[in-house]
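The structure appears right after this line, and notes come after that.
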């Protein structure tokens with residue numbers, strides 16, 4: 001798990017370094033180092049929790065819990081950026097945790113499972129990564145540079161865990177025969193998709209006026225995830241689990257819509273004030 005997480009950041013960083021070698025690679029400024037290091041820490045923890053939860057959760061369950069990130073954004077802003085927690089966020093969190101309880105149901109019984117907590121932790125760290133990406137995107141670095149420094153730092157943060165948990169796998173991966181396996185092509189393809197996603201997300205945040213403005217677009221993942229699970233996997237969920245997933249999605253969407261509505265109402269009131 002730790003080796004896969006390491007490759008998930010190290011390989012895109014290498015590809016980005018090759019793409020940037022024809023240009024002058026810009027070093028992060030003193031004001032940019034903090035959001036980049038924080039984002040690297042958040043995405044490293046996020047991926048470790050997400051991959052660990054997928055060992056037992058279905059793909060849809062894991063992605064739904066991962067997509068609770070927008071709910072935790074106000075909490076992360078409160079802890080690290082001195083933001084305010086709205087009552088609508090508290091209500092949405094209660095709804096989301098109610099959905100998690102339904103999701104934990106098995107044969108009419110509710111049991112807390114570590115994989116669900118790991119999935120929620122992934123959503124929490126995901127919110128931190130999005131907020132720090134918004135901060136970093138407002139710097140003078142290009143999207144390619146932001147993601148190169150972030151992925152490189154995240155790989156360095158995970159490397160000690162690789163030495164502890166997957167040292168033998170790391171040594172075997174250095175052999176020439178390893179690069180002949182089909183898994184190498186899959187890792188390379190995954191890295192290209194990661195770079196594509198993060199670069200376009202960085203460009204979108206450069207145009208956004210707030211860190212949570214793009215939150216509704218996160219839920220397009222759920223549509224594609226449902227299609228992939230139906231196409232490639234034979235996972236079935238009970239009615240209570242479907243209700244739990246729906247409640248989590250509803251809570252997060254309503255919270256995001258309320259934030260957008262409140263911001264628009266304040267803007268209209270200010271425009272009417274003489």
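Backbone N, Cα and C define each Cβ position, glycine as well.
It should be emphasised that the depicted structure is a prediction, and the values quoted were computed from it without experimental measurement.
If you look up TrEMBL, you'll see 2-103 (among others) marked as domain 'EamA'.
If you look up TrEMBL, you'll see 6-24 (among others) marked as transmembrane segment. Tertiary neighbourhood of the transmembrane segment (6-24): same-chain residues 43-44, 47, 144-145, 147-148, 151-152, 154-155, 158-159, 161-162, 187-188, 190-192, 194-195, 198, selected by CB-CB distance under 8 Å and a gap of 6+ residues from either end.
Within the chain carrying the transmembrane segment (36-53), a Cβ under 8 angstroms from the stretch's Cβ atoms is held by residues 1-2, 4-5, 8-9, 28, 62, 65-66, 80, 115-116, 118-119, 121-122, 125-126, 128-129, 132-133, 136, 146, 149-154, 157-158, 161, all 6 or more beyond its ends. Residues or ranges marked as transmembrane segment in TrEMBL: 36-53 (among others).
The transmembrane segment annotation in TrEMBL covers 59-76 (among others).
Annotated transmembrane segment per TrEMBL: 88-106 (among others), in sequence order.
Residues annotated as transmembrane segment in TrEMBL: 112-134 (among others).
Per TrEMBL, the feature domain 'EamA' maps to 117-255 (among others).
What TrEMBL lists as transmembrane segment is 146-164 (among others). Only residues 6 or more beyond the boundaries of the transmembrane segment (146-164), in the same chain, are considered here, and those with a CB under 8 A from a CB of the stretch are 2-3, 5-6, 9-10, 12-13, 16-17, 20, 25, 28, 36-37, 39-41, 43-44, 48, 133, 136-137, 139, 170, 195, 198-199, 202.
Non-local neighbours of the transmembrane segment (184-202) in the same chain are 7-8, 11-12, 15-16, 133, 136-137, 143-144, 146-147, 178, 214; each lies 6+ residues outside the stretch with a CB under 8 Å from one of its CB atoms. TrEMBL lists 184-202 (among others) with the feature transmembrane segment.
Here TrEMBL flags 214-231 (among others) as transmembrane segment.
Marked as transmembrane segment by TrEMBL: 243-263 (among others).
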